[in-house]
Amino acid sequence: MDRGKKIQLKRVFGYCWGTSFLLINIIGAGIFVSPKGVLAYSCMNVGVSLCVWAGCAVLAMTSTLCSAEISISFPCSGAQYYFLKRYFGCTVAFLNLWTSLFLGSGVVAGQALLLAEYSIQPFFPSCSVPKLPKKCLALAMLWIVGILTSRGVKEVTWLQMASSVLKVSILSFISLTGVVFLVRGKKENVERFQNAFDAEFPDISHLIQAIFQGYFAYSGGACFTLIAGELKKPRTTIPKCIFTALPLVTVVYLLVNISYLTVLTPREILSSDAVAITWANRVFPSLAWIMPFAISTSLFSNLLISIFKSSRPIYLASQEGQLPLLFNTLNSHSSPFTAVLLLVTLGSLAIILTSLIDLINYIFFTNSLWSILLMIGILRRRYQEPNLSIPYKVFLPFPLTTIVIDVGLVVIPLVKSPNVHYVYVLLLVLSGLLFYIPFMHFKIRLAWFEKMTCYLQLLFNICLPDTSEEQ
C-alpha cells in the first residue's frame, strides 16, 4: 500500500459520468431485442403503443424522482439501506441487504448469460446456443468484469463512457434512418402512421399489461441510491442527471420504435425474436452483423455497472456492523475488492446451478416489494416529520403513483401465473433472520473467522479505509 495515498471511496464522479451511468442503467438490451411487448398488448394499434411508451416515461420519471429524494437525503453509497434503517429499523435494513446479495448476484449472472448468448449466437446461426460453451463464456465474462471493477474507478469510468456513447450512437442511427424513410414519404413506410389509431383498441386489462411492459424498459432509475456517496455535489448532480437522461431516453425510445414500425409491419415485429436484427436485415443487409455486436456491447456495459453498483451496499453494511469486517476493506485502488469478490462468486454459482429463465423470473417481483416499502417510508416521513428540513422533497402524488405501479407488478404475476416459487422468494427474504438474530442481535463472534480475516487482508493486500473528512 502507498502510505501517502488515502484509501477510501471518494467523490470523483460528476454530471457527465452520472448521466452516462443513468443512461446505461435504463437502456438495456431489450430495446434492441424485443420491444414488442407493448405492441402486442396494444393489439397492434400503432398509435396506442406509442402513447404507452410516452406515458411510461412519465411514470418512470415519478419513481426515479422518489429515489432521488432518498439519495439526496442520505448522500452516501447504499442510501436506501440508511433510509430503511432509519424508518423501519435495523432488522428490515438487514433483510434488504440480505435480499440484495442474492438479487445483485442474480442480476449479474443473468446479464453474463445473455452477454454470452448474443456473443456466440453468430457461430450457431441455425440452432440454439449449447449450454456448456454459453456458461463457460458467461463465467469468463463475469470474472473479467469483476477484475476490471476491482481495478478502481478509472477503468470503470472510461469503459462506461465509451460503451454509453456507442450504445446511444447505434440507437440514434436506427432513429435517424427511420426519420429519413418517413421524410422520403414512400407509401409502405408512412401508411402505418397515417391511420395510427384505426386498429382495434385494447381493453383495460391489455392496456395495463402494455404499460407494465413499457415500464420495465425504463427501469433502472433508482441506481443513484447505490452510488450517491461517490458523486460530487449529489444534491445538485442527481436532479440534473435525471432531467437530462430520462427525456433523452424517452425521445430515443420513441424514435427507435417509430423506425421499427416504418420498416417492419406490426406482425413482422411480433414474429421477430430480435427486432433490431430483423430491421437491419431489411434496411442494411450487409451491416446486419453490427446488431449482435451492439447488443453484446450494451450487455457488457450493463454487467460492468451492475457489479460496480451492487458491491457498494455490501461495503456500506460492513461499515455499519451488519456484515463481517472483511467486507469493509479496500484495495490499493480504493475499490471494495472483497465485496466485488463475494458478488462475482455468488453470480458464478448462479450461472452454474440455474438457467436464465429461472434466474430472472422473480427479480422484478422482489424489487417491487422493496420499492413499495421505500415509498411507504417516504410517506411515513411526511406524516411523522412534516417540518423536517431536507434538500429535496418529491411531489407527494409521485410515491403514491409508484406504489400503485409496484403493487400491480406484485399482484399481476400472482394472479396471472400463481406459482409456489413466489413463496420461496419470501422465504429467502425472511431467511436472513437466521443470520441476523445470532450474529447481529446477540452479537456472537467467530474467532476463526476473525483470524481468517487477518490472513485474507495479507493475501489480497487490502485494508480498512482511512477516515473520511466528510460528515
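Just so it is clear, glycine is given a Cβ too, placed from its N, Cα and C backbone atoms.
Under the heading transmembrane segment, TrEMBL lists 12-33, 39-66, 87-116, 136-153, 165-184, 204-229, 241-263, 283-305, 337-356, 362-380, 392-415, 421-442.
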(request) Name the range, of those listed as 39-66, 204-229, 241-263, 337-356, 362-380, that has the largest tally of Cβ pairs under 8 Å with the transmembrane segment (165-184). (result) 241-263
(message) Check the transmembrane segment (87-116) against the transmembrane segment (136-153) for contact, please; criterion is three or more CB pairs under 8 Å, pairs 6 or more apart in sequence.
(response) yes
(message) With contact taken as 3 or more Cβ pairs under 8 angstroms (pairs 6 or more apart in sequence), are the transmembrane segment (283-305) and the transmembrane segment (136-153) in contact?
(response) yes
(request) State, in range form, which of 39-66, 241-263, 362-380, 392-415, 421-442 has the highest count of Cβ pairs under 8 Å to the transmembrane segment (204-229). (result) 39-66
(request) Mark yes when the transmembrane segment (392-415) and the transmembrane segment (362-380) have three or more Cβ pairs under 8 Å (sequence separation 6 or more) and no when they do not. (result) yes
(request) State the residues, same chain only, that lie 6 or more residues beyond the ends of the transmembrane segment (241-263) and have a CB under 8 A from a CB inside it; answer 'none' if no residue qualifies. (result) 15, 18-19, 21-23, 26-27, 31, 35, 46, 49-50, 53-54, 57, 60-61, 64-65, 68, 168, 171-172, 174-179, 181-182, 189-190, 192-193, 217-218, 221, 224, 269, 275, 279, 282-283
